[in-house]
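Trainee: This structure is in structure tokens; I'll ask about it shortly.
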Amino acid sequence: LSHIKTLPCFYQQLYTMQRPMYHLKHRKSGLTLAIQMANLTGSANFVKYLLFIINFCLVITGIIILSVGATVQGVYHGVNGFLDDNYFTIPKLLIAIGVIIFIVAFFGCCGAIKENYCMVLTFSVLMISIFILEFSAGISGYVLRNEAAQMLRGNLEKTMADYPKYQYISALWDEVQKDFECCGLDKPGDWMKDPTNGIPVSCCKVESGTIGSINCTEENSFQQGCLKLLTIYIEDHAVSLGTAGVIVALVQLVGVALTCYIAKKIRLTYHHSSF
């Protein structure tokens, strides 16, 4: 009988022993949740700072692209009478891309501040579009480089025949021959192929203070032809376009991958924090 009477006390004692374990489990689960929330907050801050860094790098690449495009555009404008229109398309495209990059970077900063998944995802899509444009412009720059010699020969021969007829052509030729210290297409004698032409004064180096007329001949003129020097000049700047476009595009491809990772991180962070 005494054993039976002690049963309720036993169960009461057992219940009392189990109660701390029950609270301990709940404390552990609460602590785990708090740690998870802290980790999510840390991840969100990391994502935000990383996105700001990507946008800063994006602005730098935009400045590079804009500068290269504007520089080459100015260089080509100085000899525009000898170049086809497609040689001006790529620099203009790079200038436009540089401006677009600034707009996209602003959009990316807004996405970072608001930690908005849709804005960051849109930012990723815009960066992919910019990557495609830049890479295409870079490849086009190398294509233009390979076509420069043939294109220049045809245009130089055509304008050479029109030298005495049109003032803007004669001014262009004179400027090129003075700046590059060259004469004719391949040699000074090219000017003598047309009986009505002589060797222009711009083929000779005129010393400062020279008074009176100057007789420019094959002997005292610049001996280097303009085709070779002008081709090297145009090719070098076409390579600058190609290199800038391809390298910056590859750098931004890394940015695209990181931005996609960030978009995924933001989505997971707010998915977990909603529970």
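The backbone N, Cα and C atoms fix where each Cβ goes, glycine too.
Model, not experiment: these values are computed from the prediction.
Quick paste of what TrEMBL says about this protein:
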TRANSMEM  49-73  transmembrane segment
TRANSMEM  93-113  transmembrane segment
TRANSMEM  120-144  transmembrane segment
DISULFID  CYS182-CYS216  disulfide bond
DISULFID  CYS183-CYS203  disulfide bond
TRANSMEM  238-263  transmembrane segment
Trainee: Measure the Cβ-based neighbour count of CYS182 (disulfide bond), defined as the other Cβ atoms within 10 Å of its Cβ.
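Mentor: Total other Cβ atoms inside 10 Å, all chains included: 24.
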Trainee: In the same chain, who gets a Cβ under 8 Å from the transmembrane segment (238-263) while lying at least 6 residues past its ends?
Mentor: 47, 50-51, 54, 57-58, 61, 64-65, 68-69, 71-72, 87, 90-91, 94, 108, 117, 120-121, 123-124, 127-128, 130-131, 134-142, 144-145, 148
Trainee: How big is the gap, in Å, between the Cα of CYS182 (disulfide bond) and that of CYS203 (disulfide bond), rounded to a whole number?
Mentor: 6
Trainee: Other than its own, how many Cβ atoms are within 10 Å of the Cβ belonging to CYS183 (disulfide bond)?
Mentor: 26
Trainee: Ten-angstrom check, please: count other Cβ atoms within 10 Å of the Cβ of CYS216 (disulfide bond), all chains counted.
Mentor: 21
